[in-house]
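Asks: Submitted below is the structure of interest, expressed as C-alpha cells.
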Amino acid sequence: MTDLAVERLTELGFSTYEARTYVGLLSTGTATGYAVSLATGVPQPKVYETLRRLKERDAVVELPGRPVRWSAVPPDALLDRLNNSFADRLVSARDELATLASVPPDAEPQLVWRLTDGARILEAASALIASAARHVYISGTADPLRELTDPIEAGERRGVEFSILHFGDIPFHLTNGRTFRHATTDAVLRPSHRAKHLAIVVDSTTTLWSVARDGKKWEGLRADDPLLTSAVKGYIRHDIFVQRMYAAMPDELSEHFGPGLLRLADLSPELPMETSGRVNAAEA
C-alpha cells in the first residue's frame, strides 16, 4: 500500500480508513470485504461500514454474488468526479458569500478602529503623530493636547508641520506651523463646561476623531480611510477659517451673529438672511 496515496486522499476529505480501503482495492483488484481487511489492516468490523461509505461517494462498486465482492472505481473517474464536485461547491460558496458582503466586490478595503478608552485614544493619537512625514492637522481641548506635547515636539524636530486649533490656552509652544485659538467659544463656554474633543489628520491619509461629552468617557474612531480622513480634515480647516475671520473682525461678526457667533447655527427657515440683535444670556 502506498502511504503517500493514502495521505493525498485524506487531504481530499477521505477518512484514513476510506483512503486505505480505496488504495487497497485499487492495488488488489476485485476482493471481498474480508480480503480487503487483510490487505489494508482496516479492522474487519469497520471495513464493511467503510466500503458502504465509499460506495455512497461513488469511489467503489459492489459486485453482487456470494460472497459480495468490491472493486475500486478507476482513479481518473474518481478524481474527475471529486474535481467537479469541488468546483460546484466553490461556485455555490462564492455566490452565497457575495450576497453577504457588506461592500461592493470592487470596493477597496479600508480599516476603521472603534476606540472607547481615553488612554487608548491618546496612544493612537501619539502613534499617528509619530507616523507623520509632512503635515498634521489637530483640533482639541487643552487636556488631550497637553498629553500630546512630546509626540508633537518630536514631530517638529523631524520637520513635520502642524496646524493646531485649540480650545482654551495651548499647553505648549509650537515652532513649526501655526496655532489658532477657538476664540468664539471663549465668550459662551462657562468654566464648568466639561466636554472635550480631539481630532487629528496625518498627511491627509489617516485620521482620529474622538469626543468625551461629559469630560470623562471617551469614544472615537481611528481610520485609514481617505473619505473619512477628508471629512475630518475639511471640518478642522473650516473651523480654522471661521476663527481667522473672527480674529480679523470680532466686533462686526459678534454684532451680526451674537456672542460666540451662535446665530450661525440657527437654520430656522423663517429666519431672515440678514438679522441683528443680541442672543439671550440663557441661550448663550
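Heads up, the Cβ atoms here are built off N, Cα and C, so glycines get one too.
Curation plays no part in TrEMBL annotations; they are all automatic predictions.
From TrEMBL, for reference:
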type   : residues : note
DOMAIN : 9-75     : domain 'Transcription regulator TrmB N-terminal'
DOMAIN : 112-229  : domain 'Transcription regulator TrmB C-terminal'
Asks: Using DSSP, tally how many residues of the domain 'Transcription regulator TrmB C-terminal' (112-229) sit in helix, strand and coil.
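Replies: Secondary-structure composition of the domain 'Transcription regulator TrmB C-terminal' (112-229): 36 helix, 43 strand, 39 coil.
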Asks: For the domain 'Transcription regulator TrmB N-terminal' (9-75), give the DSSP counts of helix residues, strand residues and coil residues.
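Replies: Summed by class, the stretch gives 38 helix, 10 strand, 19 coil.
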Asks: Pop the mean pLDDT for the domain 'Transcription regulator TrmB N-terminal' (9-75) in here, whole number is fine.
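Replies: Over the domain 'Transcription regulator TrmB N-terminal' (9-75), the predicted model scores a mean pLDDT of 91.
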